[in-house]
Structure formats: structure tokens, C-alpha cells
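Positions annotated as transmembrane segment by TrEMBL: A:12-39, A:74-95, A:107-127, A:157-181, A:202-223, A:262-284. As annotated by TrEMBL, domain 'ABC transmembrane type-1' applies to A:68-283.
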Amino acid sequence: MERVLGDRKAVLVLLGPAMLVYTLVMMIPVLVSLGYSLFDGNAITGFSYVGVDNLTRLWGDEQVHQSLVFTIKYALVLTTTQVALGYGLALLYVFVLKRASSLIRTLLFFPIVLPTVAVALMFQKFFEIAPNTGPVNEMLLALGSEPMDFFGSGMSAFWVIILMDLWRSAGFYAVLLYTGLVDIPEDVMESARMEGASTFQMIRHIIIPLSMPVLLSSLIFSINGTLKVFDSIVALTNGGPGTETAPLTLYMFRTSFSYGDYGYGASIALLLTILSLLFTIFVFRSARRDVTEA
Amino acid sequence: MNTWGTRRRRRSTIVGVGLAVASLTTLAACGGSSDSASGEGDPEAFSFLINSENTNIPPVLESLAADQCSAENDALPLEIETIPQTQLDQQLQLLAGQDALPVSFAAGNTPELVKTLDEAGQLLDFDETLTDLGVIDDISPAAISTIETLYGGFNVLPYQYNIEGFWYNTELFDELGIAVPTTWDEMVDAAEQLDAAGVQPFSASGEQGWPLTRLVSGYLFRELGPDALQAVADGDAALTDPEYVGGAQAVADLGEQGWFGQGLGSIDYDTAVNTFMSGDAGMLYMGSWVLSNFSDEDLNKIGNDSIGYFPFPDVEGGAGSAEQTPANVGLPMTFSAKQYNSEVGDWLTCISENWGAAALEVQDMVSGFTVNSDVELDPLTREVSDQVAAADSSVLWFEALFGAQATNVGQTNAASFVSGNTSAEDFMSTVQSALDSE
């Protein structure tokens, strides 16, 4: 085996096709997209070179500012809540429910396999005010409150999106983190217990540090997924009311394909790529520091 | 040993190249375009892409395919594909970029996109084609003139020729003693009376947005004159000018009273029309294409006899008049220049000769095609038909002269300002910014 892997040609034959496919389907489109940001036009009209005009336009575009703020707010709130809730559930599975957790795990994991559009339609109906009154507004009415147009203001629409995505994804993160927690050696836990460590001390000094790698992966998964959110918002609010819940991805999509401005759309994509990269580096760095401290 | 090594190297090279070719073949199969997409004018079907909200045109085409155009349909079968209107523009741009537009299709949400497609050689020149086919006389010259003004050439077909205005529930108006409004103030009074009687005064789709922006343009045309939005498009005026903001404010004032009902931003097109047809709303601003909805007896609970029409009322002291009727050809339908061949030409001939009568018979739809046979019309359709014939001059709509971005921004933000979430001033400023960036 060592001889085979030591042979450069063998490595090339084994990795070559995969690298070729990866380059063709990932790297070339990324580079082409980067190139588009230097051009103006679309597939119908053709392209003309505009240099860095599209990139400088990003700074003065109020819609970019609004979408950027929304994207970051959405990513931070959802990442924090879904990983925290997922971690809480994982702790519940391992330390409380133990072997009996499989049914709960399956039930909570179930929403992630449902089609996003179906889930969005369900939440639209839950929070509907007209033409029919949805269950949430029915509840408000039963409690004597006025019904509320949840999709009529940016703030309430934002929280409905968060609630929906949290419902969809918490079970997934719970399973992901559960796999990290079950790997913690039982003897370490046992000896800590015998030393008289409290539950809080166990979580603080043993469970969190030892599950840090999977926690870190979850955070990176989550931050990158939430920064690139598209389908759930399009299906639930389509960026509305107005453009108050429009993330960068939706603005990028509209700019490229509705407004026919591929170059500026590619510039927004570049901004999103840089944002994802910065967040990933930030998460990596902070996690490295934490592990050292622990 | 050397021989073995060489063989092994050869075998590795062969395997490597083989795998690379296999990968490339797979990729080529995934990303390649078929002959039918290359625009050779050899379509296998009379493919027709239309926005799913349009429920008027497909039934007429299907009726033609089954009856008058059955021979053409046997040669080139009709295949209808629908797509939500909000996704139509991007679909057209992607297909046009690959010369893969269907034989016939809805030509986009903005005149600007139609012009772009035309300039790129994607659209059929109907002036030339219909003249060659000998059916140019089947299209009304007024409709051709409207199309040329809006789209820069005769590049779309007038499957619909619409006027827009307010449809009202005559029974409710009679019951409450409300006279048909001729001025904006009278309409506001009528709304007040309806509201006091527990009836929602207006029904509109905030999800679509355009039924609201057209109230703004209607007000501006009546107050500032029929060229109000041309001045904005030409840069001689801005939507942020006080008189323009005033127009948006007049519509926002209606919303502030709650006269459009709850959850305006969630109300889709069908819900808006059904609310009016079920008698829950007193007035509906809509184009005459809505007549086909009214002709559905299952959904139209109030009945055609209880529906009347009045044009967008005057604004007292304004420069425009109610005689300047908003007119259009609906969301325009066109044909691909790349897919055109003699079989498509046969279809086009048959459509030109029969559309006018079939549209009236099947959908109560007034079109820009001549009616080549006797058709019995119900009184409301007759009234609209007469109104179309009598219209002296026409005006466009809010976004008609704007590009795709300003159109989208206007329509997606309309419900927000009418619901009071943003101010009329902010709304006009947002649309003006989008216009400036185009």
C-alpha cells in the first residue's frame, strides 16, 4: 500500500480524474464568475469590459447594504440558536434519554428530509392572516389579542424565518453533535464522576473540550449554510415585505437573472464568498484559542 | 523488468486517459445542448411557455388545437408549459442565451426585455411574417400601433387587448345608494360608505404589487397628465418630486384606512379577484382580461349582472382626464425567430384567422385580432368591447417605461407602502434609485 501511495504516477492516476472533474465543475465556474465581475451585460446582449466598476458600485448600493446586514443578522442568530439547540438536544440524548433516544432523534431529524418549499408553505399557512386566518392568529384571537400580519413587517417576518429554519435544522445538528458526544470515552467521564465533579463542571471541563472538533465543524457548516441561505426565504417570504428579508443570495439571483446584469451579480457573489471565508477563518481562530485554554 | 515497467506505465496512462475521457464524456452529456435547442427552426412540437397566472390564453389555444387548427396541431402538437410570472424573466434570459426559447412564449414582464430579445434577433418580425402569410389584415391597426409604441416594433401578438379600470359591485352600490364615482374624491367617499357598511372597499393583490402601483400611475396620469411617467423616464422629472410623491400618498391614504383588507402583501391574484367575485369587496382595479374570470359561474358568486365598470376617475383640477384609458396587450405573447418554420407558419396563420372569435367565445376575452365570425356577447363584455372601440387616447402603466430592476423594486415594495410599513416618500425614492442605477 505504501509503495503504491509513494508512486507519484499511481497517485496521479487515482486522484487525476477526481481533480479533473472538480476543476471542471467547481474551479472553472468559480473563476468564470470572478471574471464576470469585470464585465457588464448578459447572455442575450453580450459583454463589455468595465474593470472594477461593478466592485466599486457595491459600496454605494443601499440594497447591498440592507441585504448584507440581513444576511449577517440571519447567519449569527440562526447559527447560534441552531447549534445551541442542537447541542442541548444532543446532551439530552446522551445523558438523559440514553438508549431510549432513538425515537426522539428520528422524530426531530425528520423535518430536514422534508422539501423546503413544503415546509415554507406550511409555515405560511401557520402564520397566515388573509384570506384565511392561520392557527397562530386563531390562537391570538382566542387569547383576546388582535391578529397579526407576520409577513407584513420585516422584523416579524425575520423571526418566522428563523423559527422555520430552526425547526428544520435543529434535529440535524443534534444528530451531528450526538455523534461527537458518544465518542467521549466513558472512563474519563466515570473518573470525573468519582472525583466528585458536578454536572456543570463535567460539561465545562470534559464534555465541551472533548466535543470541540465536532462543535467546530457544526459551527462552520452552519455559518456557511446560513450565509448562503436562499431557498427557504424565497419560498417563505420571497424577500418581502419589500426587500426587508432579502439576503445577498436573493439579490444576487435577481440582479443576474431578473435584471440581466451578470457582472454585478457576480460581484455580489464575490462579496458573499469573501464573507463566508472571513466567518470561517474567524470560527477556526477562536476555536483554536479555546482548545488551548481548555 | 523494463518491459514490465513500460507495460505498467502504458497501462497507467491508458487507464488515466480512459478515466479522463469518461469524465469529460459524462460532463459533456450533462452540460451539452441538443439539436432542438440550437434554434435550427426544426421544433418537434408547438411549445408554448406562459406564466401560470394567465388562465385565459391556454384554453383558447387548446380550443383552437382541438377545432379550427386541428390539422396544424396534428403536424406540430401544442405543448403548453407554465412558469410563475415572477420567474419568467430569468427563464427567458437563460433560454435566450442558449438560443433555446420555445416556439412561442410570454415575452417577459417589461417592454425593455422584449426590446432586448428583439434586438438579439430572438423574436419573429410579425409585420413581415404575417404579410408573407397574407393574414396581416386579421390584426387591428390600433393594436399594432399600441404594440409598436410599447415594444419598439410589431414583435408581440395582441392575444389580449385590454383596457383597465375599476370593476364594482352594482348591487352593493345600489343598496347603499352610492353613485358611480367620476372623481377620486367621490371614489374615496364611496369607499368610506362601503367600509361603514362592513364591506371591504377595495380588493387588490399586494403579492403581485402591480395592481397597487397602477393606482399610483392612474392618479399621476389624472393629476399631472398622460405624459407624467414619460417625463420620469426621460429624466425631466423624478418620482421623488413632491407632486409624484403626492400621487403615491393618495394611494397610501386608502391603505391607511385599512380599505384593502388585512395581510395585503400575502394576497395573491386569484384571492384578490375571488374576494371581489364573492361579494366581500366593493371595487377591484383590474384589466379587462378579468372578464374571463367573471365568466366562471362557479367562482363568480355575485354574477356578471352585478358587475359594472368605471374608468379611473378624474382628479379634480388635474391635467388628465378619465377618457385617457390605460390600454395594453396584457403580458405579451410572441414567437421565436429561431424556431420558426413552415409548420409554425401554419399555426400562426390559423391563430390569426381564428383568435378574435375564439377568444371571445371561449374566454370572453377582447383581443387585438379581428373577429371573423358572429359571436354572442354578454352585456358586460359588450360594454368593454365598446369602450375599447371608443377609447380616443390611451395611457400606459406605472412601470411600462422602466427597466426590469425598477419594475421589480416597484412591485415588491408596493404592498409595504400601501400597508403603511414604509412611507410613500421612501417608496418613490427606492424606485427612483433603482431607475437611476439602470
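Keep in mind that glycine also has a Cβ here, set from the backbone N, Cα and C atoms.
Bear in mind that the values here come from a model prediction, so they are computed numbers and not experimental data.
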Quick tally over A:107-127, A:202-223, A:262-284 of CB pairs under 8 Å to the transmembrane segment (A:12-39) gives the top stretch as A:262-284
State the residues, same chain only, that lie 6 or more residues beyond the ends of the transmembrane segment (A:107-127) and have a CB under 8 A from a CB inside it; answer 'none' if no residue qualifies.
-> 89, 134-137, 150-151, 160, 163-164, 167-172, 174-175, 231-232, 235-236
Would you kindly list the residues that approach the transmembrane segment (A:262-284) from elsewhere in its chain, counting only those six or more residues past its ends and only Cβ-Cβ distances under 8 Å?
-> 33-43, 47, 50, 54-55, 57-58, 64, 68, 71-72, 75, 216, 219-220, 223-224, 227-228, 248-249, 251-253, 255-256
Spatial neighbours of the transmembrane segment (A:74-95) far in sequence, C-beta under 8 Å, 6+ residues away = 101, 104-105, 108, 158, 161-162, 165-166, 169-178, 180-182, 203, 207, 215, 218-219, 222-223, 226-227, 229, 247, 279
